[in-house]
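What follows is one structure encoded as structure tokens, with my remarks underneath.
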Amino acid sequence: MSAQSVEEDSILIIPTPDEEEKILRVKLEEDPDGEEGSSIPWNHLPDPEIFRQRFRQFGYQDSPGPREAVSQLRELCRLWLRPETHTKEQILELVVLEQFVAILPKELQTWVRDHHPENGEEAVTVLEDLESELDDPGQPVSLRRRKREVLVEDMVSQEEAQGLPSSELDAVENQLKWASWELHSLRHCDDDGRTENGALAPKQELPSAVESHEVPGTLNMGVPQIFKYGETCFPKGRFERKRNPSRKKQHICDECGKHFSQGSALILHQRIHSGEKPYGCVECGKAFSRSSILVQHQRVHTGEKPYKCLECGKAFSQNSGLINHQRIHTGEKPYECVQCGKSYSQSSNLFRHXXXHNAXKLLNVVKV
């Protein structure tokens, strides 16, 4: 198994020992009714995502011989795609969905996987909904604040979101703005990674909240040099999606006039205006706007930590926690101080560092 495949799959769910036992022992010797060779009931199997990951990570050394290897791969693939319950079209969609998520920028991979889409169309809706939420800087402050709360609930865990300073919440939103901006930028690039006149189209201007040369202490998210200050588009080959001119956005929000191609995206968007949070936690009563956020929140009560580091085995309740942890192993430091160039693996460390710069400035002012 290559290092690249490990990195790509490392943010996915890693099965617990109990789940691994279910994966390897997919046939019961005897079911409760005494029938030998009975399969595990489909509604009692773990998440198909677990089997998809095991199928992709399976190594030849994991089996005693070639025949056993093929047999185990076949069984893992069956448990992932579930031909007994899925149609051919549904199986095709699962394979397409896997590849689509794999070609997304890493930030968007996490975002899409956290929303658990069941097919490619649902994944596209998740991305279009994100773009629409981040795409209108002229909205009222109260509405933008509500949007930010929804985004933060999606990006960080419940325990992480509580008590975060405003600057940290801004950083979470900015990460998504970079990814959303990349979608717009690549949409207008030619084969050389530039627009026709070599400049960014109006839609692709740097989001003001993340222009590192305007906001002291803001994050440098590791954007390639050619992409700084709105000079050019991203190089070709990372993520391209062309607009389908025949596909009209027929769903319109009565509150703000935004258009959506999917009714489900409009429903999610309207909750920003209404403040509706239909998904309530039975343990503590806290409500959320999306079911995926409720699933993440419930891990606070259950203690479930499905995201496991392949390097050291440490487990986390959220993808975002695992991604931050993995930087300890990779040495990646994407958060850069624009004042002195020092880099950090965690955004919180950068904010503490930036505070030291600000304190030094205050001392100089007092001395003067």
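Using the three backbone atoms N, Cα and C, a Cβ is placed for every residue, glycine included.
Small disclaimer: the values here were computed from a predicted structure and weren't measured.
According to Swiss-Prot, the feature SUMO2 cross-link maps to Lys22 (among others), an assignment based on similarity to another entry.
Residues or ranges marked as SUMO2 cross-link in Swiss-Prot: Lys27 (among others).
Taken from Swiss-Prot, the feature SUMO1 cross-link applies to Lys27, supported by similarity to another entry.
Residues annotated as SUMO2 cross-link in Swiss-Prot: Lys147 (among others).
The SUMO2 cross-link annotation in Swiss-Prot covers Lys177 (among others) and is backed by similarity to another entry.
Summarising the annotation, Swiss-Prot assigns SUMO2 cross-link to Lys236 (among others) and lists similarity to another entry as the type of evidence.
Look at Swiss-Prot and you will find Lys277 (among others) tagged as SUMO2 cross-link. All protein chains included, Lys277 (SUMO2 cross-link) registers 16 other Cβ atoms within 10 Å of its own Cβ.
Cβ environment of Lys286 (SUMO2 cross-link): Gly280, His297 lie under 8 Å away, each six or more residues apart in the same chain. Feature annotation from Swiss-Prot assigns SUMO2 cross-link to Lys286 (among others); the stated evidence is similarity to another entry.
Swiss-Prot lists Lys361 (among others) with the feature SUMO2 cross-link.
Marked as SUMO2 cross-link by Swiss-Prot on the basis of similarity to another entry: Lys367 (among others).
According to Swiss-Prot, the feature domain 'SCAN box' maps to 52-134, an assignment based on sequence analysis. Per-residue pLDDT, averaged over the domain 'SCAN box' (52-134), rounds to 84.
Annotated phosphoserine per Swiss-Prot: Ser132 (among others), in sequence order, evidence recorded as similarity to another entry.
According to Swiss-Prot, the phosphoserine annotation covers Ser142 (among others), on the basis of similarity to another entry.
Positions annotated as phosphoserine by Swiss-Prot, on the basis of similarity to another entry: Ser274 (among others). According to DSSP, Ser274 (phosphoserine) sits within a helical segment. Taking a C-beta cut-off of under 8 Å and a sequence gap of six or more, Ser274 (phosphoserine) has no contacts in its own chain.
DSSP assigns Ser292 (phosphoserine) to a helix in the three-state reduction. The phosphoserine annotation in Swiss-Prot covers Ser292 (among others) and is backed by similarity to another entry.
The number of other CB atoms found within 10 A of the CB of Tyr335 (phosphotyrosine), across every protein chain shown, is 24. Residues or ranges marked as phosphotyrosine by Swiss-Prot: Tyr335.
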If one measures from the C-alpha of Tyr335 (phosphotyrosine) to the C-alpha of Ser292 (phosphoserine), what distance in angstrom results, rounded to a whole number? 28
Round to the nearest Å and give the CA-to-CA distance linking Lys277 (SUMO2 cross-link) with Ser292 (phosphoserine). 12
